[in-house]
Amino acid sequence: TALSLMVFLLTVSYASLLAVQPKSKKTLAKSGVKNIVVVEGVRIPFLQSGTSYADLMPHDLARAALQGLLNRTNVPKDVVDYIVYGTVIQEVKTSNVAREAALGAGFSDKTPAHTVTMACISSNQAMTTGVGLIAAGQCDVVVAGGVELMSDVPIRHSRKMRKTMLTLNRAKTLGQKLALISKIRPDYFAPELPAVAEFSTSETMGHSADRLAAAFAISRVEQDEYALRSHTLAKKAQDGGLLLDVVPFKVPGRDTVTKDNGIRPSSMEQMGKLKPAFVKPYGTVTAANSSFLTDGASAMLIMSEEKALAMGYKPKAYLRDFVYVSQDPKDQLLLGPTYATPKVLEKAGLTMADIDVFEFHEAFAGQILANLKAMDSDWFAQNYMGRKSKVGAPPLEKFNTWGGSLSLGHPFGATGCRLAITAAHRLKKEGGQYGLIAACAAGGQ
């Protein structure tokens with residue numbers, strides 16, 4: 001289960017500031033740039049891989065999210081100018097999953113769609129691509145989303161076997177074919193399995209998380225306590241009907257899925273019994289304090305404010321500013337939020353004290369706690385970030401209060417939209433004005 005974490009930990013910190021109706025503070029509107037709003041965002045339930053979505057394909061999940069968005073908003077399909085989807089582990093048959101899902105959901109075949117990939121911030125990239133299209137005047141209505149199906153990932157033949165098979169396909173005579181077949185050796189049949197690991201370092205994300213926790217002196221107990229907090233808050237939010245972005249999905253040949261199935265509050269005693277998942281025997285990262293491999297999809301309707309109001313929609317939030325950062329993919333893999341947060345705040349002219357709602361992607365409990373420590377350290381700011389002082393850590397009473405990726409799940413390509421719409425819903429419920437979302441991703445982004 002910790003595999004999913006490995007891939008995105010030190011990754012990118014994408015921060016998007018969401019502003020709801022202004023109180024006494026500034027609105028962050030930019031001169032000469034259209035106001036861009038979130039009209040609605042939905043997701044099908046996030047499920048542990050190998051469960052109810054196991055027999056489907058990624059475009060099936062993405063299609064369900066798109067249909068859920070259409071049902072929730074009643075937006076005319078031909079009004080949508082563009083569709084952008086994020087994904088990480090691509091199904092080869094549907095490499096542009098955005099297009100296949102859009103056609104399956106009944107969108108016009110005249111509506112362009114493309115797919116982006118940026119590890120765990122792929123749907124963040126889909127959203128900000130949509131923001132760019134609207135800001136540039138290319139579009140007024142964009143659907144952004146993301147999808148991941150970890151139940152079925154591509155497993156390749158070895159390169160030797162692939163080369164032999166491709167050559168065999170071109171062989172013209174029986175003799176040529178038999179000659180090629182005779183060269184096949186048993187080791188040709190060893191499969192190449194995908195791994196949640198950095199290509200540049202060959203290190204799994206779980207190992208990176210373990211090193212990061214050790215570097216910031218974060219104990220196993222602290223990590224388990226944070227993971228328990230995530231599951232407990234997610235359960236409370238689920239039971240309290242706060243997860244408004246979840247739409248039911250009638251799985252073909254199965255029952256209708258209505259809620260996330262990875263939320264499992266445990267006890268410190270039970271969690272303490274688990275063995276280290278990566279660094280054995282002394283590591284602190286376990287299956288209980290890591291995000292699990294997840295299937296799911298999300299979709300968000302983004303418009304220019306002018307268009308939304310003309311169509312009679314009441315926007316949920318404004319998308320105001322965003323920043324992408326990247327660092328060394330080994331030692332800095334999972335610290336993206338620490339690097340991006342002060343940059344996006346400075347762009348917007350805000351401080352941490354101005355933010356009412358924080359939604360950070362939880363790859364591992366140790367990764368979250370390391371970021372909180374780094375953000376609250378003048379020493380780290382001065383020695384690693386070239387800054388005079390720390391940005392400050394988000395107060396926990398404002399932080400992921402409806403659970404996070406550790407409990408809700410983390411379909412790599414879909415999480416960014418979940419963070420954004422959750423921030424919007426929390427702002428409305430809590431009467432806040434500014435929300436900030438951040439996530440790490442593979443590649444040190």
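Using the three backbone atoms N, Cα and C, a Cβ is placed for every residue, glycine included.
TrEMBL annotations:
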{"type": "SIGNAL", "residues": "1-19", "note": "signal peptide"}
{"type": "DOMAIN", "residues": "36-306", "note": "domain 'Thiolase N-terminal'"}
{"type": "ACT_SITE", "residues": "C120", "note": "active site, acyl-thioester intermediate"}
{"type": "DOMAIN", "residues": "313-445", "note": "domain 'Thiolase C-terminal'"}
{"type": "ACT_SITE", "residues": "H410", "note": "active site, proton acceptor"}
{"type": "ACT_SITE", "residues": "C440", "note": "active site, proton acceptor"}
Mind checking how the domain 'Thiolase C-terminal' (313-445) divides into helix, strand and coil residues in DSSP?
60 helix, 21 strand, 52 coil
Report, as a single number, how many Cβ atoms besides its own are within 10 Å of the Cβ of C440 (active site, proton acceptor).
41
Give the number of CB atoms, excluding that of C120 (active site, acyl-thioester intermediate) itself, located within 10 Å of its CB.
37
May I ask for the distance between C440 (active site, proton acceptor) and H410 (active site, proton acceptor), taken between their Cα atoms and rounded to an integer number of Å?
12
Hey, how far is C120 (active site, acyl-thioester intermediate) from H410 (active site, proton acceptor), Cα to Cα, in Å?
8
Which number gives the other C-beta atoms within 10 angstroms of the C-beta of H410 (active site, proton acceptor), all protein chains shown included?
31
